[in-house]
Amino acid sequence: MQNFFDRIIKISLYLLVFLTPLFFLPFSFEAFEYNKQFLLLFLVSLAFFAWLAKMVVVDKEIRFERSPLDIFVLAFMGVAILSAIFSVDKTSSLYGFYGRFSNGLIGLLSLGVFYFLITNNVRSGEVRPPKEVEPPNITISGLLKTLSWSVFVAVLFSYLAIFGVFAKLAGLLFLPKMMALRIFNPTAASLEGLSIFLAISMVFLVGKILTSAKTGRITYLLLAAILGLLIIIGFTPAWLIVLITFALFVGLSLWKKVFRDNVNRLLIPIFLIIVAAACIVSQPQALIFGEGSNVANLMKEQVLDQKTSWQIGFGGATDSVKSSFLGSGIGTFNYDFAKEKPLSINSSWLWQIRFDRSGVHLAEILGTLGFLGILSYLALIAIFFMASYFFLRQKSQALLLLMVFSALVAGQFVYYQNTTLAFLFWLILGLSVIAWQKPIKEKVISFKNFPELSLVFSTIVILVGVGVLALYFFNVKTYLADVNYANAQKLNLSNERTVLLEKAVRLNPSSPQYRAVLARAYLNDVLNEQDASRIQLLVATAINQARVATELAPKQVAMWETLGMIYREIKAVATGANEWGIKSFQEAIALDPQNPVAYTELGKLYIASDEIGKAREEFAKAIAVKADYTDALIQQALLFEKEGDKANALKEMEELAVDFPLSSEILFQLGRLYFNNNQITEAINQFKRVVILVPDHSNAHYSLGVAYAAQGKKSLAIEEFQKVLELNPANQDVQKKIDQLR
């Protein structure tokens, strides 16, 4: 029985180390982080249950290894739990924000349990005093070798993707479509995330070379391959990790005379320091492959800059007394970003992106976990470095682990945390405790002296077992829900798509994302439905789904925007919809005060309520936060038309057409105003400009047809109406106009 439980623990830990950087599945909406989180939760819970059952059923005692870091690990986990309890968005805090997944409490607690599994079940590999109860035969060297093979596979897959091998094999081997992309890699959803992992892996391999008496050729080849990938990707923060880590290591080694017997070993990190510095000040991939090559122009991930990341993090931590202590809640950076983002973002082309992750992991901890969170986390890191300084032995495994941990910490200053990076952080933390080889305090509770404890802990094992099974059942349902949601997203608007979304909601009713998208699907059905009773049913269902979404996630802007949009679209068929739409967009503005879209949509609803003064105020607010937001500028100009002042409306739109000559909507509205002012020739000129910019602009073709008909040019009018009919085959009104002109 002991061997059975030991085998489960061993296999689970080795699988975690090998698979976490590599695991992905194409079935869910997000292929990487979502599946890595499921793998982590499954294997950690399995190993934890086996460890507990082994102690209670086989060993007849509870044995727990205590280290200097444990209290700080538990303190950080405790702050995270409190942060989730008082979170502004409990769903995101528990499971992670949808689409990112790696920043939730469940994932963090899984990593915390994984740390204790490491410290209680892994050996250093060196001779230690015999114990009555031996841990499974899991060694630091064995886990690190497994990690090396995982890095090898990740590097191999990345090369095959970047140079188009997977793209050529995709059809032959029935590979997932994502593997045909040049940016595909199993470690992260972007090449930038891969490059951070590779920078840490480079430090790991160099550490192996420096601390090993003999190093195989495969290690050097893998190191060279990683260097090549880092040069191809050209992500500056990754080079910063390499530069900072090796510079600190070389300086410390020279100061401590660590490599006194063979100082030439330091030539490898010195060489990599020079390469990193050169790659930071230049982009060698363009010179090597040519600026027009596919390799030199790989798709880039948009990462929030350092200054803005810290600004949002500090703003989130100082928003209220509660947030000062516990932040907005673990996993709620999207809330902090919406509320605290600087106005300058609206001047960039990234203004429509709602970042759900910071560009700096430590800044995200500050904003989402507050000052208690960041202080407990920094205390954990500080104690680690202090313990490493006292326990470190020359050329031991601890030196290698210290180098890797330093690189991981450096990475948290320049990039966000994904599942792979978080896993490596807690893995290296746990292995370092074992490698220190100092007398770790051991707490033993034997059942021999207290037989009653055997019954108590046996009951606990049964409850944990039932809990783990229930967890698996719930996670299977959740995963199936996401598979249905992912399949629905691949379909065009249709009844089949709506059915899949309904199934996703039934399997996971606590997901606000599924309900919001389902509400939009019902709305689309409303717009295409002719039966009055069916319309009323769909309207009520759409509103209900959107309302439940706002109840599940009342601090997510997108949920209120969805509800407001639905009320806006159904105001003609639902009494009071306009007023509810106004309230919904007001909620959205409270959560995202720098959002010009919400102000503009609110203004449009005020127009529908004949509150022109309030509408003008909202359009002015939208322009104040984004001066070039054309929709608000157009609506502001059209207010003059609403008030009967056509001259000023035309003047304003003409000025906008000069400022935004490539805006098809401005040109179309200008053409419409010209036509209504009996300036038919000028209107035609504007509509022609629109169809040049947007050849399939149905309204512009229709307006051209009407304008030509007004001039008596029937053949040109028929030609334009026929184009409209091609774009809208079911439009009977257009067919009637063609028949009339003939």
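Glycine too: its Cβ is placed from the backbone N, Cα and C atoms.
Annotated in TrEMBL:
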REPEAT    596-629  repeat 'TPR'
REPEAT    664-697  repeat 'TPR'
REPEAT    698-731  repeat 'TPR'
TRANSMEM  12-32  transmembrane segment
TRANSMEM  38-57  transmembrane segment
TRANSMEM  69-88  transmembrane segment
TRANSMEM  100-118  transmembrane segment
TRANSMEM  151-175  transmembrane segment
TRANSMEM  187-206  transmembrane segment
TRANSMEM  218-235  transmembrane segment
TRANSMEM  241-259  transmembrane segment
TRANSMEM  266-289  transmembrane segment
TRANSMEM  365-391  transmembrane segment
TRANSMEM  398-415  transmembrane segment
TRANSMEM  452-474  transmembrane segment
How many of the residues that make up the repeat 'TPR' (698-731) does DSSP mark as helix, as strand and as coil?
-> 27 helix, 0 strand, 7 coil
Ranked first among 266-289, 365-391, 398-415 for CB pairs under 8 angstroms with the transmembrane segment (241-259) | 266-289
With a Cβ cut-off under 8 Å, give me the same-chain residues at least six positions beyond the ends of the transmembrane segment (452-474) that come close to it.
-> 41-42, 45-46, 48-49, 52-53, 55-57, 60, 62, 445
Honestly, do the transmembrane segment (151-175) and the transmembrane segment (187-206) touch, with at least three Cβ pairs under 8 Å and pairs 6 or more apart in sequence?
-> yes
Any chance the transmembrane segment (398-415) and the transmembrane segment (187-206) have 3 or more Cβ pairs under 8 A, given the pairs are 6 or more apart in sequence?
-> yes
Would you mind listing the long-range same-chain contacts of the transmembrane segment (266-289), meaning Cβ under 8 Å and 6+ residues beyond its ends?
-> 202, 206, 209-210, 227, 230-234, 236, 239-240, 242-243, 246-247, 249-250, 253-254, 259, 295-296
Might you confirm whether the transmembrane segment (38-57) is in contact with the transmembrane segment (100-118), defined here as three or more C-beta pairs under 8 A between residues 6 or more apart in sequence?
-> yes
Counted with DSSP (H/G/I as helix, E/B as strand, rest coil), the repeat 'TPR' (664-697) has 27 helix, 0 strand, 7 coil
